[in-house]
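Chemist: Sharing a structure here in C-alpha coordinates format.
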Amino acid sequence: MLARHNDPIVAIATAPGRGAVGIVRVSGKQLAGFVRHLLGKDLKPREATYLPFRDSKGAPIDHGLAIYFPGPNSYTGEDVLELQAHGGPVVLQLLLARCLEAAQARTQADAPVLPGLRLAEPGEFTQRAFMNDKIDLAQAEAIADLIDASTEAAARSASRSLSGEFSREIGELRDALVHLRMLVEATLDFPEEEIDFLQKADAYGQLDSLRDQLGLVLARTQQGALLREGIKVVIAGQPNAGKSSLLNALAGAELAIVTPIAGTTRDKVQQTIQIAGVPLHVIDTAGLRDSDDEVERIGIARAWEEIAAADAVLFLHDLSRMHDADYVAADLDIAQTLADRIAPSIPVIDLWNKADLAAPGVIAAQMQPLAPLAGRKGTEAPLSLSARTGEGLDAVRQRLLQVAGWQSAAEGLYIARARHVEALQAVGVHLEEAHAQLNVPGPALDILAEELRLAQTALNSITGEFTSDDLLGVIFSSFCIGK
Ligand SMILES: Nc1nc2c(ncn2[C@@H]2O[C@H](COP(=O)(O)OP(=O)(O)OP(=O)(O)O)[C@@H](O)[C@H]2O)c(=O)[nH]1
Ligand SMILES: [Mg+2]
(Lines of atoms letter the chains of each structure in order from A; the text may use other names.)
(Lines give C-alpha, C1' and ligand atoms only; values in the text may rest on other atoms or scores of the structure.)
(Ligands and ions follow the chains in the order given, each with its own letter.)
Protein backbone atom coordinates (compact mmCIF):
# COMPACT_ATOMS: atom_id res chain seq x y z
CA MET A 1 0.00 0.00 0.00
CA LEU A 2 2.98 2.29 0.28
CA ALA A 3 3.46 2.32 -3.47
CA ARG A 4 0.59 4.66 -4.22
CA HIS A 5 1.20 7.16 -1.50
CA ASN A 6 0.97 10.15 -3.83
CA ASP A 7 -2.66 9.57 -4.87
CA PRO A 8 -5.29 11.81 -3.41
CA ILE A 9 -7.55 9.77 -1.12
CA VAL A 10 -11.10 10.00 0.20
CA ALA A 11 -13.05 8.13 2.88
CA ILE A 12 -15.94 8.37 5.27
CA ALA A 13 -14.15 9.28 8.49
CA THR A 14 -16.95 8.61 10.95
CA ALA A 15 -18.08 5.21 12.23
CA PRO A 16 -20.60 3.24 10.15
CA GLY A 17 -24.21 3.59 11.15
CA ARG A 18 -26.46 6.50 11.92
CA GLY A 19 -25.36 9.60 13.80
CA ALA A 20 -26.03 13.31 14.07
CA VAL A 21 -23.01 14.16 11.96
CA GLY A 22 -20.94 12.19 9.48
CA ILE A 23 -17.69 13.27 7.90
CA VAL A 24 -16.20 12.64 4.48
CA ARG A 25 -12.55 13.52 4.31
CA VAL A 26 -10.28 14.10 1.31
CA SER A 27 -6.50 14.42 1.41
CA GLY A 28 -4.16 15.25 -1.47
CA LYS A 29 -1.27 17.41 -2.49
CA GLN A 30 -3.33 19.97 -4.46
CA LEU A 31 -6.99 20.21 -3.53
CA ALA A 32 -7.79 23.86 -4.22
CA GLY A 33 -9.18 23.26 -7.72
CA PHE A 34 -11.16 20.26 -6.53
CA VAL A 35 -12.68 22.23 -3.67
CA ARG A 36 -13.78 24.98 -6.07
CA HIS A 37 -15.27 22.50 -8.52
CA LEU A 38 -17.06 20.43 -5.87
CA LEU A 39 -18.45 23.27 -3.78
CA GLY A 40 -18.68 26.04 -6.37
CA LYS A 41 -16.46 28.44 -4.44
CA ASP A 42 -13.13 28.85 -2.69
CA LEU A 43 -13.07 28.24 1.05
CA LYS A 44 -11.18 30.28 3.62
CA PRO A 45 -8.56 28.04 5.24
CA ARG A 46 -9.63 26.42 8.51
CA GLU A 47 -12.97 28.17 8.61
CA ALA A 48 -16.27 26.32 8.67
CA THR A 49 -18.59 27.28 5.78
CA TYR A 50 -22.22 26.21 5.72
CA LEU A 51 -23.30 25.32 2.19
CA PRO A 52 -25.15 22.80 0.06
CA PHE A 53 -23.35 19.66 -1.13
CA ARG A 54 -24.65 19.24 -4.68
CA ASP A 55 -24.59 16.33 -7.12
CA SER A 56 -23.26 16.77 -10.65
CA LYS A 57 -26.61 18.11 -11.87
CA GLY A 58 -26.72 20.75 -9.16
CA ALA A 59 -29.35 19.07 -6.96
CA PRO A 60 -28.45 19.16 -3.25
CA ILE A 61 -27.44 15.89 -1.59
CA ASP A 62 -27.34 17.55 1.83
CA HIS A 63 -26.42 20.81 3.51
CA GLY A 64 -23.51 20.91 5.90
CA LEU A 65 -20.16 22.36 6.86
CA ALA A 66 -17.05 22.30 4.72
CA ILE A 67 -13.61 22.99 6.17
CA TYR A 68 -10.47 23.28 4.10
CA PHE A 69 -7.04 22.77 5.67
CA PRO A 70 -4.30 23.65 3.18
CA GLY A 71 -1.13 21.64 3.82
CA PRO A 72 1.08 21.42 5.73
CA ASN A 73 -1.22 22.57 8.55
CA SER A 74 -3.55 19.60 8.42
CA TYR A 75 -3.89 16.12 9.88
CA THR A 76 -2.03 14.47 7.00
CA GLY A 77 0.28 17.34 6.17
CA GLU A 78 -1.33 17.51 2.72
CA ASP A 79 -4.32 19.63 1.71
CA VAL A 80 -7.36 18.23 3.51
CA LEU A 81 -11.05 18.88 2.87
CA GLU A 82 -13.62 17.85 5.47
CA LEU A 83 -17.29 17.69 4.60
CA GLN A 84 -19.56 17.43 7.63
CA ALA A 85 -22.98 16.21 6.60
CA HIS A 86 -25.80 14.43 8.39
CA GLY A 87 -24.65 11.08 9.65
CA GLY A 88 -26.77 8.68 7.61
CA PRO A 89 -25.09 5.86 5.72
CA VAL A 90 -26.81 6.69 2.42
CA VAL A 91 -26.06 10.42 2.58
CA LEU A 92 -22.41 9.74 3.28
CA GLN A 93 -22.15 7.16 0.50
CA LEU A 94 -23.68 9.66 -1.93
CA LEU A 95 -21.23 12.33 -0.80
CA LEU A 96 -18.33 9.93 -1.15
CA ALA A 97 -19.44 8.93 -4.65
CA ARG A 98 -19.87 12.60 -5.50
CA CYS A 99 -16.27 13.33 -4.51
CA LEU A 100 -14.98 10.51 -6.69
CA GLU A 101 -17.12 11.67 -9.59
CA ALA A 102 -16.16 15.34 -9.20
CA ALA A 103 -12.49 14.33 -9.27
CA GLN A 104 -13.01 12.81 -12.72
CA ALA A 105 -14.77 15.85 -14.19
CA ARG A 106 -12.81 17.65 -16.89
CA THR A 107 -11.38 21.11 -16.46
CA GLN A 108 -11.14 23.63 -19.28
CA ALA A 109 -7.68 22.29 -20.04
CA ASP A 110 -9.39 18.88 -20.37
CA ALA A 111 -7.53 17.32 -17.48
CA PRO A 112 -9.42 15.64 -14.60
CA VAL A 113 -10.12 18.02 -11.71
CA LEU A 114 -8.29 15.77 -9.26
CA PRO A 115 -6.51 12.96 -11.08
CA GLY A 116 -6.27 9.62 -9.32
CA LEU A 117 -8.62 10.28 -6.37
CA ARG A 118 -9.37 6.90 -4.81
CA LEU A 119 -10.80 5.37 -1.64
CA ALA A 120 -8.36 5.41 1.25
CA GLU A 121 -7.09 2.17 2.71
CA PRO A 122 -7.27 1.56 6.47
CA GLY A 123 -4.98 3.90 8.34
CA GLU A 124 -3.90 5.75 5.21
CA PHE A 125 -4.64 9.25 6.50
CA THR A 126 -2.52 8.58 9.57
CA GLN A 127 0.14 6.96 7.45
CA ARG A 128 0.42 10.18 5.48
CA ALA A 129 0.74 12.13 8.70
CA PHE A 130 3.68 9.84 9.50
CA MET A 131 5.18 10.12 6.00
CA ASN A 132 4.92 13.91 6.16
CA ASP A 133 6.62 14.05 9.58
CA LYS A 134 3.54 15.28 11.42
CA ILE A 135 3.95 12.41 13.87
CA ASP A 136 6.35 9.53 14.36
CA LEU A 137 5.47 5.86 14.21
CA ALA A 138 4.93 5.41 17.94
CA GLN A 139 2.49 8.32 17.88
CA ALA A 140 0.68 6.87 14.85
CA GLU A 141 0.27 3.61 16.76
CA ALA A 142 -1.02 5.57 19.73
CA ILE A 143 -3.81 6.98 17.54
CA ALA A 144 -5.01 3.47 16.77
CA ASP A 145 -4.66 2.55 20.44
CA LEU A 146 -6.66 5.58 21.51
CA ILE A 147 -9.47 4.65 19.13
CA ASP A 148 -9.38 1.02 20.28
CA ALA A 149 -8.99 1.82 24.00
CA SER A 150 -11.45 -0.18 26.07
CA THR A 151 -10.62 1.31 29.46
CA GLU A 152 -10.04 4.79 30.77
CA ALA A 153 -6.48 3.88 31.74
CA ALA A 154 -5.76 2.67 28.21
CA ALA A 155 -7.27 5.80 26.67
CA ARG A 156 -5.34 8.16 28.94
CA SER A 157 -2.05 6.44 28.36
CA ALA A 158 -2.63 6.26 24.60
CA SER A 159 -3.26 9.98 24.69
CA ARG A 160 0.02 10.46 26.53
CA SER A 161 1.89 8.46 23.87
CA LEU A 162 0.15 10.43 21.16
CA SER A 163 1.28 13.69 22.67
CA GLY A 164 4.82 12.38 22.33
CA GLU A 165 5.83 11.41 25.87
CA PHE A 166 6.96 7.95 24.88
CA SER A 167 8.72 9.27 21.77
CA ARG A 168 10.49 11.87 23.90
CA GLU A 169 11.94 9.19 26.19
CA ILE A 170 13.05 7.22 23.16
CA GLY A 171 14.55 10.43 21.77
CA GLU A 172 16.54 10.98 24.96
CA LEU A 173 17.92 7.45 24.76
CA ARG A 174 18.82 8.04 21.14
CA ASP A 175 20.62 11.30 21.89
CA ALA A 176 22.72 9.62 24.57
CA LEU A 177 23.47 6.74 22.22
CA VAL A 178 24.40 9.03 19.34
CA HIS A 179 26.79 10.90 21.61
CA LEU A 180 28.50 7.70 22.64
CA ARG A 181 28.67 6.54 19.05
CA MET A 182 30.34 9.79 18.05
CA LEU A 183 33.05 9.18 20.60
CA VAL A 184 33.65 5.63 19.48
CA GLU A 185 33.57 6.44 15.78
CA ALA A 186 36.00 9.30 16.33
CA THR A 187 38.32 6.93 18.16
CA LEU A 188 38.23 4.54 15.22
CA ASP A 189 39.84 7.27 13.14
CA PHE A 190 42.66 7.79 15.60
CA PRO A 191 43.44 4.29 16.82
CA GLU A 192 46.75 5.12 18.45
CA GLU A 193 45.01 7.15 21.17
CA GLU A 194 42.01 4.92 21.42
CA ILE A 195 41.69 3.73 24.98
CA ASP A 196 43.05 6.83 26.53
CA PHE A 197 40.63 8.91 24.58
CA LEU A 198 37.60 6.80 25.50
CA GLN A 199 38.63 6.88 29.11
CA LYS A 200 39.02 10.63 29.20
CA ALA A 201 35.70 11.13 27.51
CA ASP A 202 34.12 8.80 30.08
CA ALA A 203 32.73 6.44 27.46
CA TYR A 204 32.45 3.82 30.21
CA GLY A 205 30.33 6.05 32.40
CA GLN A 206 28.18 7.07 29.46
CA LEU A 207 27.50 3.49 28.49
CA ASP A 208 26.61 2.61 32.06
CA SER A 209 24.15 5.43 32.44
CA LEU A 210 22.68 4.57 29.04
CA ARG A 211 22.07 1.03 30.26
CA ASP A 212 20.39 2.34 33.42
CA GLN A 213 18.24 4.71 31.41
CA LEU A 214 17.25 1.91 29.06
CA GLY A 215 16.24 -0.25 32.03
CA LEU A 216 13.84 2.43 33.25
CA VAL A 217 12.29 3.03 29.83
CA LEU A 218 11.95 -0.71 29.26
CA ALA A 219 10.15 -1.19 32.57
CA ARG A 220 7.70 1.58 31.74
CA THR A 221 7.22 0.29 28.21
CA GLN A 222 6.46 -3.18 29.54
CA GLN A 223 3.76 -1.70 31.75
CA GLY A 224 2.37 0.21 28.78
CA ALA A 225 2.32 -2.92 26.62
CA LEU A 226 0.61 -4.83 29.42
CA LEU A 227 -2.08 -2.18 29.52
CA ARG A 228 -2.64 -2.50 25.80
CA GLU A 229 -2.24 -6.21 25.25
CA GLY A 230 -2.94 -7.82 28.60
CA ILE A 231 -2.14 -11.45 29.32
CA LYS A 232 -3.74 -14.77 28.53
CA VAL A 233 -4.90 -16.64 31.64
CA VAL A 234 -6.05 -20.26 31.38
CA ILE A 235 -8.16 -21.91 34.08
CA ALA A 236 -7.25 -25.59 34.32
CA GLY A 237 -8.03 -28.46 36.65
CA GLN A 238 -10.04 -31.61 37.12
CA PRO A 239 -13.69 -31.81 36.09
CA ASN A 240 -16.10 -30.25 38.58
CA ALA A 241 -13.44 -28.18 40.35
CA GLY A 242 -15.46 -25.07 39.53
CA LYS A 243 -13.48 -23.68 36.56
CA SER A 244 -16.52 -22.45 34.70
CA SER A 245 -17.92 -21.05 37.94
CA LEU A 246 -14.66 -19.14 38.44
CA LEU A 247 -14.74 -17.69 34.94
CA ASN A 248 -18.31 -16.56 35.50
CA ALA A 249 -17.45 -15.06 38.86
CA LEU A 250 -14.47 -13.15 37.45
CA ALA A 251 -16.50 -11.94 34.48
CA GLY A 252 -19.57 -11.16 36.53
CA ALA A 253 -21.78 -12.93 34.00
CA GLU A 254 -23.09 -16.42 33.31
CA LEU A 255 -20.88 -17.10 30.30
CA ALA A 256 -19.97 -20.75 30.70
CA ILE A 257 -22.38 -23.56 31.54
CA VAL A 258 -22.10 -24.76 35.13
CA THR A 259 -23.56 -28.09 36.26
CA PRO A 260 -22.70 -30.68 38.93
CA ILE A 261 -21.93 -33.11 36.11
CA ALA A 262 -18.20 -33.72 35.68
CA GLY A 263 -17.20 -33.03 32.09
CA THR A 264 -19.64 -30.21 31.44
CA THR A 265 -17.27 -27.92 29.57
CA ARG A 266 -16.05 -29.22 26.24
CA ASP A 267 -15.04 -26.26 24.13
CA LYS A 268 -13.03 -23.41 25.55
CA VAL A 269 -14.95 -20.35 26.70
CA GLN A 270 -13.06 -17.08 26.56
CA GLN A 271 -13.74 -13.70 28.08
CA THR A 272 -11.63 -10.58 28.45
CA ILE A 273 -11.97 -9.00 31.86
CA GLN A 274 -10.36 -5.85 33.25
CA ILE A 275 -8.54 -5.73 36.53
CA ALA A 276 -7.30 -2.24 37.43
CA GLY A 277 -7.49 -1.39 33.74
CA VAL A 278 -5.31 -4.33 32.68
CA PRO A 279 -7.04 -6.62 30.18
CA LEU A 280 -6.92 -10.30 31.11
CA HIS A 281 -8.02 -12.79 28.47
CA VAL A 282 -9.42 -15.56 30.66
CA ILE A 283 -10.07 -18.98 29.16
CA ASP A 284 -12.14 -21.73 30.75
CA THR A 285 -11.25 -25.21 29.56
CA ALA A 286 -12.52 -28.78 29.73
CA GLY A 287 -11.73 -30.62 32.97
CA LEU A 288 -8.55 -32.69 32.69
CA ARG A 289 -9.01 -36.45 33.10
CA ASP A 290 -8.82 -39.70 31.14
CA SER A 291 -12.00 -40.00 29.18
CA ASP A 292 -13.56 -42.51 26.79
CA ASP A 293 -15.88 -39.90 25.42
CA GLU A 294 -14.62 -38.79 22.00
CA VAL A 295 -15.96 -35.23 22.29
CA GLU A 296 -14.57 -34.80 25.77
CA ARG A 297 -11.17 -36.09 24.68
CA ILE A 298 -11.01 -33.46 21.95
CA GLY A 299 -11.97 -30.84 24.52
CA ILE A 300 -9.18 -32.00 26.83
CA ALA A 301 -6.64 -31.90 23.99
CA ARG A 302 -7.72 -28.32 23.34
CA ALA A 303 -7.38 -27.51 27.00
CA TRP A 304 -3.75 -28.61 26.88
CA GLU A 305 -3.19 -26.49 23.77
CA GLU A 306 -4.54 -23.46 25.58
CA ILE A 307 -2.43 -24.21 28.63
CA ALA A 308 0.67 -24.43 26.44
CA ALA A 309 -0.03 -20.94 25.06
CA ALA A 310 -0.93 -19.32 28.39
CA ASP A 311 0.89 -16.43 30.04
CA ALA A 312 -0.41 -17.67 33.40
CA VAL A 313 -2.32 -20.76 34.55
CA LEU A 314 -4.93 -20.87 37.30
CA PHE A 315 -4.77 -24.45 38.57
CA LEU A 316 -8.04 -25.06 40.37
CA HIS A 317 -8.60 -27.74 43.03
CA ASP A 318 -11.78 -28.79 44.81
CA LEU A 319 -11.23 -28.38 48.56
CA SER A 320 -14.23 -30.54 49.38
CA ARG A 321 -12.53 -33.53 47.80
CA MET A 322 -9.06 -33.20 49.23
CA HIS A 323 -9.60 -36.17 51.56
CA ASP A 324 -10.18 -38.36 48.49
CA ALA A 325 -6.86 -40.07 47.69
CA ASP A 326 -7.75 -40.69 44.04
CA TYR A 327 -8.62 -37.03 43.60
CA VAL A 328 -5.33 -35.92 45.12
CA ALA A 329 -3.38 -38.40 42.99
CA ALA A 330 -5.08 -37.09 39.85
CA ASP A 331 -4.18 -33.51 40.82
CA LEU A 332 -0.56 -34.58 41.28
CA ASP A 333 -0.60 -36.15 37.81
CA ILE A 334 -1.85 -32.91 36.29
CA ALA A 335 0.78 -30.96 38.24
CA GLN A 336 3.46 -33.24 36.83
CA THR A 337 2.21 -32.80 33.26
CA LEU A 338 2.06 -29.04 33.75
CA ALA A 339 5.61 -29.04 35.04
CA ASP A 340 6.74 -31.12 32.06
CA ARG A 341 4.90 -29.23 29.37
CA ILE A 342 5.04 -25.54 30.15
CA ALA A 343 8.03 -23.27 30.40
CA PRO A 344 9.32 -22.61 33.93
CA SER A 345 8.75 -18.89 33.40
CA ILE A 346 4.99 -19.37 33.10
CA PRO A 347 3.41 -18.86 36.53
CA VAL A 348 0.97 -21.44 37.86
CA ILE A 349 -1.33 -20.23 40.61
CA ASP A 350 -2.77 -22.91 42.90
CA LEU A 351 -6.37 -22.10 43.75
CA TRP A 352 -8.47 -24.09 46.18
CA ASN A 353 -12.12 -23.66 45.35
CA LYS A 354 -15.34 -24.34 47.29
CA ALA A 355 -13.95 -22.82 50.49
CA ASP A 356 -17.57 -22.37 51.58
CA LEU A 357 -17.77 -26.14 52.04
CA ALA A 358 -14.67 -26.53 54.20
CA ALA A 359 -13.86 -25.46 57.75
CA PRO A 360 -11.05 -22.85 57.95
CA GLY A 361 -8.60 -25.12 59.80
CA VAL A 362 -9.06 -27.79 57.18
CA ILE A 363 -8.39 -25.31 54.39
CA ALA A 364 -5.03 -24.21 55.75
CA ALA A 365 -3.94 -27.77 56.34
CA GLN A 366 -4.81 -28.91 52.83
CA MET A 367 -3.47 -26.02 50.82
CA GLN A 368 0.01 -27.36 50.19
CA PRO A 369 1.82 -26.51 46.95
CA LEU A 370 1.90 -29.59 44.73
CA ALA A 371 5.41 -31.03 44.66
CA PRO A 372 6.00 -31.08 40.87
CA LEU A 373 5.27 -27.35 40.71
CA ALA A 374 7.21 -26.31 43.79
CA GLY A 375 9.45 -23.32 43.28
CA ARG A 376 7.54 -22.04 40.29
CA LYS A 377 6.41 -18.42 40.12
CA GLY A 378 2.83 -18.08 41.35
CA THR A 379 2.79 -21.17 43.56
CA GLU A 380 4.36 -19.56 46.63
CA ALA A 381 1.20 -18.97 48.62
CA PRO A 382 -1.82 -20.99 47.48
CA LEU A 383 -5.12 -19.14 47.68
CA SER A 384 -8.52 -20.39 48.73
CA LEU A 385 -11.74 -19.05 47.32
CA SER A 386 -15.36 -19.76 46.73
CA ALA A 387 -16.56 -19.16 43.20
CA ARG A 388 -20.05 -19.54 44.63
CA THR A 389 -19.92 -16.86 47.35
CA GLY A 390 -17.20 -14.68 45.85
CA GLU A 391 -15.05 -15.02 48.96
CA GLY A 392 -11.33 -14.78 48.13
CA LEU A 393 -11.91 -13.53 44.57
CA ASP A 394 -10.20 -10.20 45.22
CA ALA A 395 -7.05 -11.95 46.32
CA VAL A 396 -7.15 -13.96 43.08
CA ARG A 397 -7.43 -10.73 41.09
CA GLN A 398 -4.49 -9.19 42.95
CA ARG A 399 -2.40 -12.31 42.41
CA LEU A 400 -3.16 -12.19 38.69
CA LEU A 401 -2.00 -8.58 38.47
CA GLN A 402 1.10 -9.50 40.39
CA VAL A 403 2.11 -12.39 38.14
CA ALA A 404 1.33 -10.27 35.09
CA GLY A 405 4.02 -7.89 36.35
CA TRP A 406 1.68 -4.97 36.93
CA GLN A 407 3.33 -2.45 39.25
CA SER A 408 0.41 -0.18 39.99
CA ALA A 409 -1.73 2.17 38.00
CA ALA A 410 1.25 4.51 37.92
CA GLU A 411 0.39 8.02 36.89
CA GLY A 412 1.98 9.17 33.69
CA LEU A 413 2.01 5.76 32.06
CA TYR A 414 2.15 5.72 28.28
CA ILE A 415 0.73 2.99 26.12
CA ALA A 416 3.11 0.72 24.23
CA ARG A 417 3.16 -2.42 22.17
CA ALA A 418 4.96 -5.74 22.29
CA ARG A 419 6.85 -4.46 19.24
CA HIS A 420 8.30 -1.63 21.31
CA VAL A 421 9.26 -3.94 24.16
CA GLU A 422 11.06 -6.26 21.74
CA ALA A 423 12.91 -3.36 20.14
CA LEU A 424 14.08 -2.08 23.54
CA GLN A 425 15.16 -5.59 24.53
CA ALA A 426 17.18 -5.77 21.33
CA VAL A 427 18.79 -2.43 22.22
CA GLY A 428 19.63 -3.94 25.60
CA VAL A 429 21.32 -6.98 24.05
CA HIS A 430 23.51 -4.77 21.88
CA LEU A 431 24.41 -2.50 24.79
CA GLU A 432 25.42 -5.55 26.83
CA GLU A 433 27.65 -6.69 23.97
CA ALA A 434 29.13 -3.22 23.77
CA HIS A 435 29.68 -3.25 27.51
CA ALA A 436 31.43 -6.61 27.32
CA GLN A 437 33.72 -5.28 24.56
CA LEU A 438 34.61 -2.18 26.46
CA ASN A 439 35.60 -4.15 29.54
CA VAL A 440 38.17 -6.50 28.06
CA PRO A 441 41.79 -5.45 27.71
CA GLY A 442 42.35 -4.03 24.23
CA PRO A 443 38.71 -3.75 23.20
CA ALA A 444 37.88 -4.37 19.54
CA LEU A 445 36.66 -0.92 18.71
CA ASP A 446 35.12 -1.86 15.40
CA ILE A 447 32.92 -4.44 17.12
CA LEU A 448 32.02 -1.92 19.78
CA ALA A 449 31.06 0.61 17.11
CA GLU A 450 28.98 -1.97 15.28
CA GLU A 451 27.07 -2.99 18.42
CA LEU A 452 26.23 0.62 19.13
CA ARG A 453 25.09 1.09 15.56
CA LEU A 454 22.81 -1.96 15.83
CA ALA A 455 21.45 -0.62 19.12
CA GLN A 456 20.52 2.59 17.39
CA THR A 457 18.84 0.79 14.50
CA ALA A 458 16.67 -1.13 16.96
CA LEU A 459 15.81 2.07 18.79
CA ASN A 460 14.92 3.90 15.59
CA SER A 461 12.46 1.21 14.59
CA ILE A 462 10.21 2.37 17.45
CA THR A 463 9.68 5.86 16.14
CA GLY A 464 9.90 4.72 12.54
CA GLU A 465 13.12 6.16 11.26
CA PHE A 466 14.41 3.63 8.76
CA THR A 467 11.60 1.18 9.40
CA SER A 468 10.92 -1.28 6.61
CA ASP A 469 7.89 -0.86 4.38
CA ASP A 470 6.64 -4.32 5.39
CA LEU A 471 6.37 -3.32 9.00
CA LEU A 472 4.64 -0.06 8.08
CA GLY A 473 2.12 -2.03 6.03
CA VAL A 474 1.34 -4.28 8.98
CA ILE A 475 0.95 -1.39 11.40
CA PHE A 476 -1.26 0.85 9.30
CA SER A 477 -3.47 -1.86 7.85
CA SER A 478 -4.80 -2.54 11.37
CA PHE A 479 -6.35 0.95 11.49
CA CYS A 480 -9.95 1.68 10.62
CA ILE A 481 -10.74 3.19 7.26
CA GLY A 482 -10.91 6.97 7.30
CA LYS A 483 -8.28 7.33 10.02
N1 LIG B 1 -20.21 -25.09 47.14
C2 LIG B 1 -19.60 -24.68 46.05
N3 LIG B 1 -19.88 -25.24 44.87
C4 LIG B 1 -19.24 -24.80 43.78
C5 LIG B 1 -18.29 -23.76 43.83
N6 LIG B 1 -17.81 -23.55 42.59
C7 LIG B 1 -18.46 -24.40 41.77
N8 LIG B 1 -19.32 -25.17 42.49
C9 LIG B 1 -20.21 -26.21 41.99
O10 LIG B 1 -19.41 -27.25 41.46
C11 LIG B 1 -20.04 -27.84 40.32
C12 LIG B 1 -19.11 -27.79 39.13
O13 LIG B 1 -18.87 -26.44 38.76
P14 LIG B 1 -18.34 -26.05 37.34
O15 LIG B 1 -18.02 -24.60 37.39
O16 LIG B 1 -19.24 -26.52 36.28
O17 LIG B 1 -17.00 -26.91 37.32
P18 LIG B 1 -15.96 -27.12 36.12
O19 LIG B 1 -14.62 -27.19 36.74
O20 LIG B 1 -16.17 -26.08 35.09
O21 LIG B 1 -16.36 -28.54 35.58
P22 LIG B 1 -16.14 -29.17 34.13
O23 LIG B 1 -16.62 -28.20 33.12
O24 LIG B 1 -16.93 -30.40 34.17
O25 LIG B 1 -14.68 -29.45 34.01
C26 LIG B 1 -21.32 -27.04 40.11
O27 LIG B 1 -22.38 -27.75 40.71
C28 LIG B 1 -21.06 -25.76 40.83
O29 LIG B 1 -22.23 -25.14 41.29
C30 LIG B 1 -18.00 -23.18 45.12
O31 LIG B 1 -17.20 -22.27 45.28
N32 LIG B 1 -18.68 -23.68 46.18
MG1 LIG C 1 -16.68 -26.23 33.15
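Note that Cβ sites are derived from N, Cα and C of the backbone, with glycine treated the same way.
Here TrEMBL flags Arg25, Glu82, Lys134, Lys483 as (6S)-5-formyl-5,6,7,8-tetrahydrofolate binding site. TrEMBL lists 230-405 with the feature domain 'TrmE-type G'. Taken from TrEMBL, the feature GTP binding site covers 240-245, 259-265, 284-287, 353-356, 386-388. Taken from TrEMBL, the feature K(+) binding site covers Asn240, Thr259, Ile261, Thr264. The Mg(2+) binding site annotation in TrEMBL covers Ser244, Thr265.
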Chemist: Spatially speaking, which of the binding-site residues Ser244, Thr259, Thr264, Lys354 is closest to Lys483 ((6S)-5-formyl-5,6,7,8-tetrahydrofolate binding site)? Use C-alpha to C-alpha, please.
Modeler: Ser244
Chemist: Quick one: mean pLDDT on the domain 'TrmE-type G' (230-405)?
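Modeler: Across the domain 'TrmE-type G' (230-405), the average pLDDT comes out at 92.
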Chemist: With the Cβ under 6 Å from ligand 2 as the test, give me the qualifying entries from the binding-site residues Arg25, Asn240, Thr259, Ile261, Lys483.
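Modeler: Listed by sequence, the hits amount to none.
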Chemist: Widest Cα span across the (6S)-5-formyl-5,6,7,8-tetrahydrofolate binders Arg25, Glu82, Lys134, Lys483, in Å?
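Modeler: Result: 18 Å between the two most distant Cα atoms.
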Chemist: Please report the DSSP secondary structure of Lys243 (GTP binding site), reduced to three states.
Modeler: helix
Chemist: How many Å lie between the Cα of Ile261 (K(+) binding site) and the Cα of Asn240 (GTP binding site)?
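Modeler: Ile261 (K(+) binding site) and Asn240 (GTP binding site) have their Cα atoms 7 Å apart.
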Chemist: For each of Ile261, Ala262, Ala286, count the other CB atoms within 10 A of its CB; which of these binding-site residues has the top count?
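Modeler: Highest number of other Cβ atoms within 10 Å: Ala286.
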Chemist: Would you mind checking how many other C-beta atoms are within 10 angstroms of the C-beta on Lys354 (GTP binding site)?
Modeler: 24
Chemist: Can you tell me the CA-to-CA distance separating Lys354 (GTP binding site) and Thr264 (K(+) binding site), as a whole number of Å?
Modeler: 17
Chemist: Under 6 Å from ligand 1 by C-beta, which of these binding-site residues make it: Glu82, Lys134, Ser244, Ser386, Lys483? Sequence order, please.
Modeler: Ser244, Ser386
Chemist: Excluding Asn240, Thr259, Ile261, Thr264, which residues of the same chain place their Cβ within 8 Å of the centroid of the Cβ atoms of the recorded K(+) site?
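Modeler: The answer, listed by sequence position, is Pro239, Val258, Pro260, Ala262, Gly263, Thr265.
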Chemist: Check the Cα-Cα distances from Ala262 (GTP binding site) to the binding-site residues Glu82, Lys134, Ser244 and tell me which is shortest.
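Modeler: Among Glu82, Lys134, Ser244, Ser244.
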Chemist: Of Arg25, Lys134, Lys243, Lys483, which of the binding-site residues has the most Cβ neighbours inside 10 Å?
Modeler: Lys243
Chemist: For Lys483 ((6S)-5-formyl-5,6,7,8-tetrahydrofolate binding site), name the DSSP secondary structure in the helix/strand/coil scheme.
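Modeler: Lys483 ((6S)-5-formyl-5,6,7,8-tetrahydrofolate binding site) sits in coil per DSSP, no helix or strand.
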Chemist: Spatially speaking, which of the binding-site residues Arg25, Glu82, Lys134, Thr264 is closest to Asn240 (GTP binding site)? Use C-alpha to C-alpha, please.
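Modeler: Closest by Cα: Thr264.
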Chemist: Within a 10 Å radius of its Cβ, which of these binding-site residues (Asn240, Thr259, Ser386) has the fewest neighbouring Cβ atoms?
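Modeler: Each of the binding-site residues Asn240, Thr259, Ser386 was scored; lowest Cβ tally within 10 Å is Thr259.
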